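Below you'll find the structure, written out as structure tokens, and then a few comments.
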Amino acid sequence: MFHKEFRAIIFQNVLILCASAVLWKQTTVTATQLTRPRGVSLARASLYSPDADFTCLDGSATFPFRYVNDDYCDCQDGSDEPGTSACPNGSFYCRNLGHEAMIVPSSRVNDGICDCCDAADEYQSGANCVNTCKELGSAAQEEAQRKYELESQGYAIKLEYINKGRQAKLSQQERNMALKAEQVEAEALRAEKEREKHEAEEPEKQALDKYRQIEQEAMKEKEEIERSKQETEASKAFDWLDSNQDGKLQVEELQTHVAFDQNQDGTVTVEEAKFFLHNEEEMDKSDFIATGWPLIKPFIMKAQGLENPSKSDQQAGEIPLSDDHHQEESMPETEGEEEEEEEHEEEGETVKPSPVTPSSVEYDAETQELIEAANKARNAYDEADRRLRDLEREIRQLEESNSKDYGPNEEYQPMDGQCYEYSDREYTYKLCPFDSGSQRPKHGGSETRLGSWDSWDGPAANKYSAMKYDKGVQCWNGPQRSLKVHLSCGMENQLLSVSEPNRCEYEMKFTTPAACSEPKKPDEGDSEIHDEL
């Protein structure tokens with residue numbers, strides 16, 4: 001029984017002490033409010049003591065406290081007139097109980113316009129001001145609550161982004177380790193296949209070298225036959241053109257052939273004839289074969305192609321030569337050629353002589369096996385090399401992704417690989433975070449790159465509030481395009497607007513849950529002490 005009474009006495013004393021503390025606090029605050037001058041905030045109330053002289057807040061002067069709010073500006077900083085409009089650089093504090101406190105220029109005091117929601121700034125003007133702080137405070141509280149709820153939802157999504165980003169980074173790291181282990185095996189396999197390829201190619205090369213030597217000899221023989229044919233053709237042409245058979249081709253002899261009439265006026269002039277003799281009066285047979293015939297032959301072929309002269313024409317003085325599309329009627333064929341042609345005609349078919357070099361080479365069985373073995377080894381090496389290069393490319397891409405800064409907690413990582421669009425009247429804009437930004441005309445035209453991902457570009461206090469994309473397509477007669485993306489908290493990833501504040505410098509506004517911060521719950525009710533301190 002004694003213990004119960006003792007505990008009751010102690011509890012009553014505690015209640016008395018708590019009530020006394022609350023009463024003391026209220027009394028102190030109330031006393032401070034009663035003593036501070038009009039227009040002074042609670043935070044500065046201690047600087048305005050009516051029991052002492054007042055010193056300007058900038059320290060410029062000290063005078064009796066009765067000079068405060070006497071409607072005359074004594075301090076250079078205007079601190080002696082917080083409740084009047086006497087000082088042009090002064091400020092008036094609105095308590096706005098029930099809403100947010102605010103500071104207005106002292107020039108607005110008693111100007112007939114209600115600036116403070118509690119009408120404290122119009123205490124002498126006669127303006128019909130109504131205290132609307134309670135209504136404004138309620139509306140602000142509702143807005144703050146709505147914003148808090150939206151930010152809470154956005155932050156919840158951000159936490160999901162963080163989880164996805166961290167998981168993606170961990171998966172990429174694990175994948176990278178696995179790929180590097182495969183890379184070691186792939187490098188060993190490629191080295192083995194490369195060795196086998198060299199071993200298979202060496203006997204193949206030795207076998208093919210024999211065939212290449214045969215082919216080269218056949219080609220050399222063919223070239224020799226062709227050269228001999230050209231010399232024979234040139235010699236026959238020289239003999240035909242050398243009408244006086246003195247072993248020299250002269251201007252007068254060329255003038256008798258209309259094929260050398262270059263301007264088609266019906267006459268071969270001396271200048272036209274000398275052109276074919278390298279501006280000389282005559283040319284011997286060796287020079288004709290070496291340099292003259294290559295120059296003359298096209299003109300003869302052209303003339304024959306146009307006129308296609310008959311034997312009677314040739315007997316009348318035309319040049320009896322033909323190109324590959326006409327038979328040579330004036331140049332006698334050799335006896336062997338005539339016999340061979342007659343033999344084919346007797347068989348009822350026209351067959352040309354077999355070429356010196358076959359169109360396709362047929363290898364013996366042993367060489368063919370060596371070629372097939374070498375091809376198989378080359379294919380195996382190519383496959384191993386391709387596999388290694390694929391692994392190296394994937395490793396490089398993973399390392400590039402891992403090196404990107406996706407935010408302090410990887411919250412922006414889920415945006416990588418995604419693209420978002422926004423359209424205005426002229427263009428459709430596209431933003432692919434951590435890659436590029438671009439625009440394309442809505443009514444047709446190619447896409448223009450505005451910039452490629454460079455870095456985060458927010459201020460030092462909030463680095464991740466803006467993205468920088470540079471090195472875009474160069475403007476005509478101007479700089480390269482660049483793009484800055486401003487990020488803000490939102491319920492979804494959305495491109496809101498695009499502008500071009502300066503030529504070739506673009507700005508985008510983008511909302512994303514990744515930009516949301518953990519919200520603070522809005523204060524309920526109002527407290528001037530809390531607002532000021």
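Positions of Cβ are set from backbone N, Cα and C atoms, glycine also.
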Point to revise | region 'Disordered' range according to TrEMBL, out of 220-241, 242-263, 440-461, 506-527 | key: 220-241
Study note, to complete from the structure: Among 122-156, 367-401, TrEMBL marks as coiled coil the stretch 367-401
Exercise for review: Give residue numbers and ranges for long-range contacts of the coiled coil (367-401): same chain, 6 or more residues beyond its ends, CB-CB under 8 A.
Suggested key: 172, 175-176, 179-180, 182-183, 186-187, 189-190, 192-194, 196-197, 199-201, 203-204, 207-208, 211, 416
Study note, to complete from the structure: The predicted model's mean pLDDT over the domain 'MRH' (417-518) is 95
Check your understanding: Taking DSSP states H, G and I as helix and E and B as strand, how many residues of the domain 'MRH' (417-518) are helix, strand and coil?
Key -> 9 helix, 57 strand, 36 coil
Point to revise | Per-state residue totals over the compositional bias 'Basic and acidic residues' (220-236) - DSSP helix, strand, coil | key: 17 helix, 0 strand, 0 coil
